[in-house]
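Per Swiss-Prot, the features are:
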- Gly169, Asp170, Arg171, Gln172, Thr173, Gly174, Lys175, Thr176: ATP binding site (BINDING)
- Ser370: site 'Required for activity' (SITE)
Amino acid sequence: MKLKPIEVAEILQKEIANINCLSELEEVGQVISVGDGIAKIYGLANVKSGEVVEFKSGVKGLILNLEHDSVGAVIMGDYSKVKQGDNVKRTKDVLKVLVGKALLGRTVDALGNPIDGKGDIVSKEYRHIEMKAPGIIERTSVSEPVQTGIKAIDSLIPIGRGQRELIIGDRQTGKTAIAIDTIINQKQAHSLTNESDKIYCIYVAIGQKRSSVAQIVKKLEDAGAMDYTIVVLATASEAASLQFIAPYSACSMGEYFRDNGMHALIIYDDLSKHAVAYRQISLLLRRPPGREAYPGDVFYLHSRLLERAAKMSEEKGGGSLTALPIIETQAGDVSAYIPTNVISITDGQIFLESDLFYKGIRPAVNVGISVSRVGSAAQIKAMKQVAASVKLELAQFRERESFSQFGSDLDSATKAQIEHGKRLVEILKQEQYQPCPVEEQIVSIYVGTKKYLNDIPLQKVKEFEKAMLAEIRLNRKDILESIKTEQCITEEIEQQLKAFLENFVQAYCVVP
């Protein structure tokens, strides 16, 4: 079959019309040096600070330094795949992370990729990891409580939704234990249908051992807490760049809940290692070192992260993001650079002491220097009523106890005060992974402050508390329910509680 010239011309015209010759302009640079997770790149004249670039091997990098004739990038991943002379292209985009409820129950890395072997995460929503903190008009004051389930904290150092409360102390003093107990304690609220009672949790492990994190994830799974928790990992074996961006990625995940009228709690464990990772990056990028070799902007590193925790106004949905940053001190030195920085940014601190921990007082909270600057506005009235005098009584007890070491010749009133103080300390002790509902905490502290324990031997106080709570749960659940619904101790509730306690103490003391 012969084609006529006119037909050939028509076919050619059709094919030419269908050709898609849209060319995409790419800006490409070249790696001039690479080492220790840092790449120096030449030829990216229009690249921006904080922009993501892609290396020839597919590994991503983050631009942090803009110099006269080159740019410095941190490599996010295996930097052994990046070689001198490799091409680098701009993505014209900043770092983003996957957000949404699909992440709940999952363990992800600093870039939001799942690492728990449970398959892909189905979510279409992404957020920038660096977001501007809400302004003054968008916020409202802290007014709702975050119940940690820990008596010493909920009674004396209350935490509110939208607050930043620092947990600070030496290694092995129970900092992570407080954070994990707080996550586990949210399970009761998640069993309710009311969305405003629920608090979604995010745990960020920065520079931790993989074995430690595996234990934490196992504990959360066993307690049924992973259903409402996201775990973000940047362990000690990972690049400093991933340890640096992990808290910002996790914060964006938390902001999804905050900005959609929900409530979230984020735990940064810990920001000391985060600052060390940033110091490492800064020194490798040849930035001038300052105090303790940290760069000049190390305060801004943490302030821009923690300022994103907020209680939003009703116009903005009324959601909240509460932050519990953790800082590890060396030999109890809270006046070091990073601890003082974070103390000044946060709304209070829970200070844990090694001496108390070794004495068996756990949680090892030093009530004297621990403080919550805004949490008292969120504390429920019933707790305020019973715990109002506890801090003063404990302070007086510590003073008299230290005084009693110099001589045994004490008057009966001082001896009684010391004995009462010892029982208060005993009632505030709590075992790990056993958070206590707020109504039961109120009853326990009421027992301690109203001197019902005076006739109970010190070594039997915990046993007495356990038996008393078991009895009230079994036979007088109505008292607990009344405290829970009323959220204050009315005269009627107090009469019922007094009658129950008098009968129980009498019966308990009779039993041999």
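The count begins at 1 with the first shown residue.
Positions of Cβ are set from backbone N, Cα and C atoms, glycine also.
Under a cutoff of 8 A between CB atoms, and with a sequence separation of 6+ in the same chain, the neighbours of Arg171 (ATP binding site) are Glu328. Under 8 Å, Cβ to Cβ, and six or more positions away along its own chain, Gln172 (ATP binding site) finds Ser354, Phe357. Within 10 Å of the Cβ of Gly169 (ATP binding site) there are 27 other Cβ atoms, across all protein chains.
Here the Cα atom of Gly169 (ATP binding site) is found 11 Å from that of Ser370 (site 'Required for activity'). Contacts of Lys175 (ATP binding site) defined by a Cβ separation under 8 A and a same-chain sequence distance of 6+ are given as Ile167, Ile168, Gly169, Asp269, Asp270, Ile326, Glu328, Leu352, in order along the sequence. The Cβ neighbour count for Thr176 (ATP binding site), using a 10 Å radius over every protein chain in view, is 21. Non-local neighbourhood of Thr173 (ATP binding site): Leu352, Glu353, Ser354, Phe357, Ala364, each in the same chain, at least six residues away, with C-beta under 8 Å from its C-beta. Between Thr176 (ATP binding site) and Ser370 (site 'Required for activity'), the C-alpha separation comes to 17 Å. If you take the Cα of Asp170 (ATP binding site) and the Cα of Ser370 (site 'Required for activity'), they are about 15 angstrom apart, rounded to a whole number. The separation of Ser370 (site 'Required for activity') from Gly174 (ATP binding site), Cα to Cα, is 15 Å. Within the same chain, the residues at least 6 positions away from Ser370 (site 'Required for activity') whose Cβ sits under 8 Å from its Cβ are Leu156, Ile157, Gly348, Gln349, Ile350, Phe351, listed in sequence order.
What surrounds the ATP site, by Cβ distance within 8 Å of the Cβ centroid and not counting Gly169, Asp170, Arg171, Gln172, Thr173, Gly174, Lys175, Thr176, is the set Glu328, Leu352, Ser354, Phe357, Ala364 from the same chain.
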